[in-house]
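Chemist: This structure is in structure tokens; I'll ask about it shortly.
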């Protein structure tokens, strides 16, 4: 096998809310994983006033709808693009409420179940293991990804070394692929991780694509050959192994880890708010049921702790940190937790600018780039900021396709173009690092 419009007033806006709650909170039917999202919708709202933003926040806190964008309700204000996943039993009442309150909305996805099935063929999923060639243009389960890693470790030993840096909360191995030409001489390194947030499946798909391209083009692409000869790449295809597995078996839109909290029934921590850099400050939540829950203490999650320990141990030669997320089409660099300019801004900004230019050259897809706090929003406890503050001078976070048409359900047919363009951006950053940045 080759694995190669504004509400009349707050009072008027909320008069229908009691009725709305009664309609929505009535017991509904449970669904198996295969059909649990039937009739669910993804809608986009852009509040025109702070009154409308306040209304959206009130609905969120009372109904606990699934917010896709931004990552936390605290970021919703006048003009904020807000994508919300509404369950089938709530959609009719909630959309009627928006019309009554004169809040404009757009339905991005009419039926999430159909979108899920159309974007990822169920037949294809069943046949993944029997394919004569490993298919990089479909999404793979955790088990398939780890089997692929083991296979590459056996068949490409001259360029790949696989090892574990620890275990997850549920006991799964945290595997890394060390990619590069073996050398006794000192070599700088690049860290790449994907799948920090479980539902962002395009991330792990890119990590696999990166490894595939590196191995396939090592002898034919001078830039790739130079990179692998002069650098090591530590690639972690699935950071949040428990959450990713859960997104395949139970909840496609799960985000966090799967750790338990002794005082709440809610599970998991946001693995990108659990790092010891302005931990649990602005942009993070202290409530275990929130998607941006920072955890009980920094590095409380075994997955975060294991990666942090590895990066600390190897920070003298790891010069770049790249983390892949979705969705927004952005290339971000520090800081996330504050509005400030990093000391080596010139080199980092130059690399980011050239990377998004290279990315756009393939299909014309535009990415915004800049400091995360100004380009996206302020968030504390992120891995990118932690890496930068702990001596890794070139830290980036990609938000891959798209900008909301598909959201977390990016179809498999878009894996190839997304990975192809992103590959150019990563190669550009790598060459920039080799040529210009010490």
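Even glycines carry a Cβ here, placed using N, Cα and C.
Below are the features I grabbed from TrEMBL:
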type	residues	note
ACT_SITE	399	active site, proton donor/acceptor
DOMAIN	138-433	domain 'Peptidase M14'
SIGNAL	1-30	signal peptide
Chemist: Which residues does residue 399 (active site, proton donor/acceptor) neighbour through Cβ under 8 Å, counting only same-chain ones at least six apart?
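Modeler: 325, 326, 327, 328, 329, 330, 331, 332, 376 - these are the non-local Cβ neighbours of residue 399 (active site, proton donor/acceptor), listed in sequence order.
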Chemist: Do you know the mean pLDDT across the domain 'Peptidase M14' (138-433)?
Modeler: 97
Chemist: Can you check what DSSP calls the residue listed as 'active site, proton donor/acceptor', collapsed to helix, strand or coil?
Modeler: strand
